[in-house]
Amino acid sequence: MILIKNGRVMDPKSQRDQVADVLIDGKQIVKIASAIECQEAQVIDASGLIVAPGLVDIHVHFREPGQTHKEDIHTGALAAAAGGVTTVVMMANTNPVISDVETLQEVLASAAKEKIHIYTNASVTQAFNGKDVTDFKALLEAGAVSFSDDGIPLESSKVLKEAFDLANANQTFISLHEEDPQLNGVLGFNEGIAEEHFHFCGATGVAEYSMIARDVMIAYDRQAHVHIQHLSKAESVQVVAFAQQLGAKVTAEVSPQHFSTTEDLLLTAGTSAKMNPPLRTQRDRLAVIEGLKSGVITVIATDHAPHHKDEKAVDDMTKAPSGMTGLETSLSLGLTHLVEPGHLTLMSLLEKMTLNPALLYGFDAGYLAENGPADLVIFADKQERLITENFASKASNSPFIGNKLKGVVKYTIADGEVVYPN
């Protein structure tokens, strides 16, 4: 048993926000009250700390199978726990791609060994070929939670329409990475800084928002649920809002890097700041924050994308892989760039990092209640920390190394067990 004493208990589902004690027995919260005594429990003094549901991150890359020099499911789980994250959804762009039941079962068997809750998407198309839709029914029955070809866009509208119909028939949804390659230049560099500093055509805004426009309208026609991943452009927020007003079933996520910083970071952080979609302009950054405030964007998800340091340390930045490690900085970036400046309340930030992503997938997570799951994070919301290369992840490709950020995770509890510090 674990007894958490005197913490500020914040639950986005009930909107509870009060200093209270929380008693955990086994994998459940058994009591939340102003004062609880329990002689046999391990006591955690949470005085002055926030006690919240464990974070739910629905967009991570754990690189297993096939790319375990970058990350694996075990180190990914450790990184999640260090960041206060107790539930994750992995993407299918592994090697081999999670397109068939056999690969899916191998991945889930590895995930089951970890102490946090690890789910995975399967791919929309066979080995990401963009043509042949996978067997949604068989993959769902084998444990996939939804479908995405994340990492690359789905170019064929005909295939997308077929996939939406299949998703509807199987009561699931599709998540999409929106960057039209026919309208894009070099990926990972926003068009402005690409032209001005690097003298080539970069990743354009129109490649993102035109593809979102196409896909939300096909979803509208098919009455299918589409989830837009890591949108980064001001116009993208407006397109999603328009589709939602029409009555389309559209949800959207933003990654912490896109509300925290801009394209200029490429000049100082180098390849660590190279990602798809790229860091954009200040106008775009403020627009995605407005999207979070208005409710157009309901989910914050990291797109945790670890890479080996040698892969990022190339002389030609265009040859470096895109992506950054994000699980261990996401809460701090939200506290520093959304709560501290007054864009979101702490409760609203927590809602977008816990309850909303859990509701999207139907997970029993993202809330604190008696008889509910004992998945919690305990953190100091105002305490500052210096971001260093010492991550639990195998990777250290973060453009935020050297930054002072608010928010220090003190304990992460998953299934009633302290998983951080471990």
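Note that Cβ sites are derived from N, Cα and C of the backbone, with glycine treated the same way.
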Notebook entry, point to check: Among D149, D150, D215, D221, which is the one Swiss-Prot gives for the Zn(2+) 1 site where H59, H61, D303 also bind?
Noted result: D150
Notebook entry, point to check: In sequence order, which residues at least six apart in the same chain have a CB under 8 Å from the CB of N93 (substrate binding site)?
Noted result: H61, S123, F128, D149, D150, G151, I152
Check: Counting distance between Cα atoms, which of the recorded positions H177, H230, D303 is nearest F62 (substrate binding site)?
Finding: D303
Checklist line | Least surrounded among the recorded positions, given as D150, D303, when other CB atoms within 10 Å are counted | finding: D150
